[in-house]
Amino acid sequence: MAPETKKRRVPSFRYLKRLGSGLVKGLAVTTVHLGRRPITRVYPEAKAYSPERFRGIHNLVADECIVCQACARICPTQCFTIVGHRGPDRRFILEQFDIDYNRCMFCNLCVEVCPPKCLTMGNEFEVGVNDRVNLVFHVDALKVER
Ligand code: SF4
Ligand code: SF4
């Protein structure tokens, strides 16, 4: 028996018409957007935009901290190590303020309970490290001025 020869299907006119109109539409959209300012940014060359209420690495106005431990008590994952002592005027002086970002889930609870509002969420998020130990941030890394 002679082998069957496969018939090549010729694309229909309707198919070609649809393909052509799709290409024209696509090119039209591209042409319209060519002159516009780009919306996306080339990260990391251009720093990514953080919205106002972004929850990044905390900011602490250390001079205003009253060492009340409210943030440490409310934290669901026990991120904080806060140590202080009373000064000569009976006011607490901050000695150590660490946040362990291995545990932090950026829930904002600690910020909400801070009585003097000296603890806030910042917009820094680039905290890639080679060792987990380096994800424990000390006061110097968190400190900001009011
Ligand atoms: S943001 Fe939440 S998890 Fe992170 S330190 Fe504050 S309370 Fe703890
Ligand atoms: S709640 Fe605010 S004032 Fe109290 S220890 Fe935490 S950062 Fe300091």
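All positions are counted from 1 along the displayed chain.
Glycine too: its Cβ is placed from the backbone N, Cα and C atoms.
Residues or ranges marked as [4Fe-4S] cluster 1 binding site by TrEMBL: CYS65, CYS68, CYS71, CYS114. Annotated [4Fe-4S] cluster 2 binding site per TrEMBL: CYS75, CYS104, CYS107, CYS110, in sequence order. Under the heading domain '4Fe-4S ferredoxin-type', TrEMBL lists 56-85, 95-124.
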Worksheet entry | Where the C-beta lies under 6 angstroms from ligand 2, the matching binding-site residues among CYS71, CYS75, CYS104, CYS107 | CYS71
Practice prompt. Among CYS65, CYS68, CYS71, CYS114, these being the binding-site residues, pick the one whose CA is nearest to that of CYS107 ([4Fe-4S] cluster 2 binding site).
Written response: CYS71
Worksheet, complete the sentence: Taking the centre of the Cβ atoms of CYS75, CYS104, CYS107, CYS110 as the [4Fe-4S] cluster 2 site, the remaining residues of that chain with Cβ inside 8 Å are CYS71, ILE74, PRO76, THR77, CYS79, PHE80, MET105, PHE106, ASN108, LEU109
Worksheet item: Which sequence positions outside the domain '4Fe-4S ferredoxin-type' (95-124), separated from its termini by at least 6 residues, show Cβ-Cβ distances below 8 Å to it?
Response: 50, 54-62, 64-66, 68, 70-85, 132, 135-139, 142, 144, 146
Item to complete: Between the Cα atoms of CYS114 ([4Fe-4S] cluster 1 binding site) and CYS104 ([4Fe-4S] cluster 2 binding site), find the distance and write it as a whole number of Å.
Response: 17
Item to complete: Sort out for me which one of CYS71, CYS114 has the most neighbouring CB atoms within 10 A, since those are the binding-site residues we care about.
Response: CYS71
Discussion item. Which secondary structure state does DSSP assign to CYS110 ([4Fe-4S] cluster 2 binding site), in the simple three-class scheme?
Written reply: helix
Item to complete: Could you measure between CYS75 ([4Fe-4S] cluster 2 binding site) and CYS68 ([4Fe-4S] cluster 1 binding site) for me? Cα positions, answer in whole angstrom.
Response: 13
